[in-house]
Every structure is written in C-alpha cells, then in structure tokens.
C-alpha cells in the first residue's frame, strides 16, 4: 500500500528528503561505532574507564542527532525510511590513539556529509533546511573535530601507543576531568 502524500509538505524537495534519510543512517552508524569503542575500552583487559565513558557519551550524541533529523523529516512532511546500519570496520580498537584517530576520521566524514546536505538544500532553495543544519549541526561538528584533533595530538605527544602509561594518564587526567 502506498504512503499517502503529506498535508504539511511545502518546499521540501524529494532529493532533500532522501538525503536526510541517508544522514539519519550515517548518524546511527556513527553512534554504533562509538558504542563499539566504548565497550572495547570497558573490557577487563583494556580497563580505560574514561575512554569508555567518553565514547559512550559520543554514541548517545550521535543517536540524538539521528533522532533530531527524524523529527525534522516528520515536521517537513517527509517519510522516514530506515536502512540497515553497517557494522563498524573493526571490533578491536587496539589503543586509545587508534580509536581517537578513527573517531576523528568518522567525524570528518559526518561533517562532509552535512556540508553536502547543506549544499543540496541551497541548490533546492530550502532555507529552512539550511538554517536547521547550520543551527543544530555544523558548529557542533567543527568543535568535535577540533577536540578529537587535540586528543590525537596530546596522545601522540605523550608517546602513545608505545608507552602504555600515556594512555592511562590521558584517561585519568584528560578524559577524567572532561564533561563528556
């Protein structure tokens, strides 16, 4: 049975609707990756509780991003079509530096996708979608990328992963004192 057209839909191009659904999938994938990271660092043979806490917080944030997009999709009269969520590329995150580097790469990919979504919204003359992306996503992405870049730099300066003490101290003093 075909889905009836929305009575609230206005100036919402089907390409934007499809792109929002792809972005929802990407945000859920990012949440899934961070969840994998979190429980890797929570393992008894890894035991870096603040890395685990940090990545769990990131997982929740990414899921909230997906939910915000789902709410937008309904508000604009679009239809949500969920896709399979790809499993993370790895199950063993090796060490804190590797995980932070992977997280940085992931956030840059999410940011690029958001920039492309913004470009599409501009091309389709959708100021509401442009404003939504600018207000709720772009600034937060830039801050997340900067924070992860700083974490990668500090872990490298401390000698991670060669010196295990570096990760322990980073876990305790950097991640242990942060709000996330």
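Note that Cβ sites are derived from N, Cα and C of the backbone, with glycine treated the same way.
What Swiss-Prot says about this protein:
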- 10-159: domain 'Ferritin-like diiron' (DOMAIN)
- 27, 62, 65: Fe cation 1 binding site (BINDING)
- 62, 107, 141: Fe cation 2 binding site (BINDING)
Those residues of the chain, 6+ apart, with a Cβ under 8 Å from that of residue 141 (Fe cation 2 binding site): 107, 110, 111, 114
For residue 62 (Fe cation 1 binding site), nearby residues of its own chain (Cβ under 8 Å, 6 or more apart in sequence): 27, 28, 30, 31, 34, 110
Chain-mates of 62, 107, 141 with C-beta within 8 Å of site centroid, Fe cation 2: 30, 58, 61, 65, 106, 110, 111, 140, 144, 145
DSSP-derived helix, strand and coil totals, residue by residue, for the domain 'Ferritin-like diiron' (10-159): 114 helix, 0 strand, 36 coil
Per-residue pLDDT averaged over the domain 'Ferritin-like diiron' (10-159), given as an integer: 98
Listed in sequence order, residues not in 27, 62, 65 with Cβ within 8 Å of the centre of the Fe cation 1 site Cβ atoms: 26, 28, 30, 31, 61, 63, 64, 66, 69, 110
